[in-house]
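Swiss-Prot annotations:
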- V21: site 'Essential for suppression of TBK1/IRF3-mediated IFN response' (SITE)
- L23: site 'Essential for suppression of TBK1/IRF3-mediated IFN response' (SITE)
- 66-69: region 'Involved in inclusion bodies formation' (REGION)
- 148-220: region 'Interaction with host TNIP2' (REGION)
Amino acid sequence: MSLSKCSNVDLKSVAMNANTVRLEPSLGEYPTLRRDLVECSCSVLTLSMVKRMGKMTNTVWLFGNPKNPLHQLEPGLEQLLDMYYKDMRCYSQRELSALRWPSGKPSVWFLQAAHMFFSIKNSWAMETGRENWRGLFHRITKGQKYLFEGDMILDSLEAIEKRRLRLGLPEILITGLSPILDVALLQIESLARLRGMSLNHHLFTSPSLRKPLLDCWDFFIPVRKKKTDGSYSVLDEDDEPGVLHGYPHLMAHYLNRCPFHNLIRFDEELRTAALNTIWGRDWPAIGDLPKEV
């Protein structure tokens, strides 16, 4: 709870009855006024899962929970962090504008921290106090002052979850329980959208795809753009060189042809799942498939 909301709070009473938020690994427990906290068990993989129960987690992992499979970085995510690990001077003015969230000012702190802690796997700066964890949550909450540090931590998680929902990213990518990595990926999503692309891979559910399209950072899903008549289409072929500058031409060509169509054509399991009528009454049945497919 921020200072503006708790000016009349009896601090002595709160100190005796407050719940605590645990910051891992071994960074202490901090009081909070919230009463809806729940122990984050191994079966709880995302913040969204906790919130669907009407609760809030009491444990936050700065460097990811080693028991959470969604926090195990695959090569594709590490390549993403390596790609976007740059100095502020390397970004254009348009890109800096996309990096205003969460602090309100352009910053690459989270991108660099995620690269250090998750790609290089060097966490000594935070563990030894060289980097203060409070500064991390201070940035996410835009400098808001709190009486209790536990409230600052939980409000930061709420801000991350709100941003995830706004950008439409799946909870298996932004778990909400690993703030440094979550914010870095949300910033990468903002930068990717400047090129008309997205990290969103929730359509790709076939088990034959390993963490779909994230085995290589080049595989983004192209965002459709709105036409003057109100319909949507993928990026025009003429726009490819400008929008996908820096990407291999053949890969850019493949991406702009909407990879889902190619996958569903050749992956029988994915095609069966996509055409299952449980998704909606007007969903096409398998028997309605064109002969050429």
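Including glycine, each Cβ sits where the backbone N, Cα and C put it.
Each residue of the region 'Involved in inclusion bodies formation' (66-69) gets a DSSP state, and the totals for helix, strand and coil are 1 helix, 0 strand, 3 coil. In the three-state DSSP assignment, the secondary structure recorded for V21 (site 'Essential for suppression of TBK1/IRF3-mediated IFN response') is strand.
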